[in-house]
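Engineer: First, the structure itself, so that you have it in front of you.
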Amino acid sequence: MGNRTLEGCHVDSRMDHLFPPSLYIFVIGVGLPTNCLALWAAYRQVRQRNELGVYLMNLSIADLLYICTLPLWVDYFLHHDNWIHGPGSCKLFGFIFYTNIYISIAFLCCISVDRYLAVAHPLRFARLRRVKTAVAVSSVVWATELGANSAPLFHDELFRDRYNHTFCFEKFPMEGWVAWMNLYRVFVGFLFPWALMLLSYRGILRAVRGSVSTERQEKVKIKRLALSLIAIVLVCFAPYHVLLLSRSAVYLRRPRDCGFEERVFSAYHSSLAFTSLNCVADPILYCLVNEGARSDVAKALHHLLRFLASDKPQEMANASLTLETPLTSKRNSMAKAMAAGWVAAPLAQGDQVQLKMLPPAQ
C-alpha cells in the first residue's frame, strides 16, 4: 500500500520540531530504567500473591512497549512530521503509541478501584482482590483496548500533503470515521475510567474519615496516593483529549474548515507529547511510593551497587539471587493487603476498620 496524496490543511510543521522530540528523549532516558525496575518490583509482588502487582506489571509492560516506539517518533518530529520508515512500521508503531494511552488509563483505573476495595471493603470483596481475578481483568483490558483501537490497522495511515510531508497516523483535516472513533476514545476510553477513579477516591475518603482509630499521618498517606491516581490521568491525558474532542467536533460540523486545525496544530502535538510523561509518573507513583515495591527496589539497587563494587561479581550475583528469593507461601486477603502497603484491620467490634500503610510481610 502506498501513500495517499491529499489536499490537506496547511499546518506549519516547523513550529513543533523541538518540544515533542525533547520530551520524548527525556521520557526514554528516565522512563526506560524506572519502568524496568517497576516491572521487576511488580513481579516480586505477584510472586507474593499480591493482586496489585498484576496491575503494576501490566502497566509497566504497556509503558515499556510505548517507550520502544519513541525513537521513531523523535525522528519523525525532527524531520518536521515526515515519516521515512514505510507504511508497515507506521501502522505498527502508531498503533502501539496511541493504544498505550488507553491501556494505561484502564490499568490506572483498575489500581484505583482495587485500592478502594482494599480500604473500604477489605473482607467483603476479598474474592475480587485475588491474583487470578487481577489476571482475568488484565486480559479483558488488553483485549478490549487492542480491539477498540485496531481500526487504523485496516486503513492507510500515511498521508502525503501538497508540501511533500508524509504524515503518519494523522491527517489534517481528519477523516469522518476517525472523528467518530475519537469520540469513542474520549468518552469511553478517557472520561468513563476517570469517572470511576473519582468515585473510588470518594469511597476511599469516606472509609478513611469513618475510621476513628486510624492515625492522622496514615490518613494523609492514603488520601495522597488515591488523589495522585486521579492527578496523573488529569495532568497527562486531559489536555490531549480536550483538543482531540475539539478537533473531532469541529470536523463533524464543518468537514472542510482548515482554520481550526491550523490554529491548534502546535498545541495538539504538544499535548500528545505530554501524554508520554505518564511513563515517568507510573513507576514513581505506584511502585516506588508503595511500601512493598519500594523495599524491593531499594534491595535491588543495594545488591546492584555491591555487585559493581565487588572483586568477585559472580559470587555477589549468586548471593543476591539467594537473598532475593521471593516468598511462595499462600497468603490470605489480609496478608495481601499488607504486602501492597495497605491494610484494613477489623477492630474488636467489627464495625469500623483501622487503616495503616505497612511494609510487606517478609
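Cβ from N, Cα, C; glycine included.
According to Swiss-Prot, the protein carries these features:
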type     : residues : note
TOPO_DOM : 1-8      : topological domain 'Extracellular'
CARBOHYD : N3       : N-linked glycosylation site
TRANSMEM : 9-45     : transmembrane segment
TOPO_DOM : 46-49    : topological domain 'Cytoplasmic'
TRANSMEM : 50-80    : transmembrane segment
TOPO_DOM : 81-85    : topological domain 'Extracellular'
TRANSMEM : 86-121   : transmembrane segment
TOPO_DOM : 122-129  : topological domain 'Cytoplasmic'
TRANSMEM : 130-156  : transmembrane segment
SITE     : E145     : site 'Required for activation'
SITE     : H155     : site 'Proton sensing'
REGION   : 157-172  : region 'Extracellular loop 2 (ECL2)'
TOPO_DOM : 157-172  : topological domain 'Extracellular'
CARBOHYD : N164     : N-linked glycosylation site
SITE     : H165     : site 'Proton sensing'
TRANSMEM : 173-210  : transmembrane segment
TOPO_DOM : 211-214  : topological domain 'Cytoplasmic'
TRANSMEM : 215-250  : transmembrane segment
TOPO_DOM : 251-260  : topological domain 'Extracellular'
TRANSMEM : 261-289  : transmembrane segment
SITE     : H269     : site 'Proton sensing'
TOPO_DOM : 290-362  : topological domain 'Cytoplasmic'
Engineer: Within the topological domain 'Cytoplasmic' (290-362) only, compute the mean pLDDT.
Structural biologist: 52
Engineer: Based on Cα distances to H269 (site 'Proton sensing'), point out the closest of the recorded sites E145, H155, H165.
Structural biologist: H165
Engineer: Tell me whether the transmembrane segment (9-45) sits in contact with the transmembrane segment (130-156), defined here as at least 3 Cβ pairs under 8 Å among residues 6 or more apart in sequence.
Structural biologist: no
Engineer: Sort the residues of the topological domain 'Cytoplasmic' (46-49) into helix, strand and coil with DSSP and give the three counts.
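Structural biologist: Reading the DSSP string over the topological domain 'Cytoplasmic' (46-49) gives 2 helix, 0 strand, 2 coil.
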Engineer: Hey, how far is H155 (site 'Proton sensing') from E145 (site 'Required for activation'), Cα to Cα, in Å?
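Structural biologist: Rounded to a whole number, the Cα-Cα distance is 18 Å.
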Engineer: When you check the transmembrane segment (261-289) against the transmembrane segment (86-121), do you get at least 3 Cβ pairs under 8 Å, counting only pairs 6 or more apart in sequence?
Structural biologist: yes
Engineer: List the residues of the same chain that sit at least 6 positions away from E145 (site 'Required for activation') in sequence and have their Cβ under 8 Å from its Cβ, in sequence order, or write 'none'.
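Structural biologist: For E145 (site 'Required for activation'), the qualifying residues are T99, Y102, I103, A106, G189.
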Engineer: Should anything in the same chain at least six residues away from the topological domain 'Extracellular' (81-85) have a Cβ under 8 Å from its Cβ atoms, list it; otherwise answer none.
Structural biologist: 11, 13, 16, 72, 75, 158, 165-168
Engineer: Hey, does the transmembrane segment (86-121) touch the transmembrane segment (173-210), meaning at least 3 C-beta pairs closer than 8 angstroms, sequence gap 6 or more?
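Structural biologist: Answer yes, regions in contact.
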Engineer: Using a 10 Å cut-off, grab the number of neighbouring Cβ atoms around the Cβ of H269 (site 'Proton sensing'), all chains included.
Structural biologist: 22
Engineer: What same-chain residues, at least 6 away in sequence, bring their CB to under 8 Å of the CB of H165 (site 'Proton sensing')?
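Structural biologist: Once residues fewer than 6 apart are set aside, H165 (site 'Proton sensing') is near S13, H80, D81, N82.
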Engineer: Just give the helix, strand and coil counts over the topological domain 'Extracellular' (81-85), going by DSSP.
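Structural biologist: DSSP composition of the topological domain 'Extracellular' (81-85): 0 helix, 0 strand, 5 coil.
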Engineer: Just going by other Cβ atoms within 10 Å, which of the recorded positions H155, N164 has the emptiest spot?
Structural biologist: N164
Engineer: DSSP on the region 'Extracellular loop 2 (ECL2)' (157-172): how many residues come out helix, how many strand, how many coil?
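Structural biologist: Across the region 'Extracellular loop 2 (ECL2)' (157-172), DSSP assigns the residues as follows: 0 helix, 6 strand, 10 coil.
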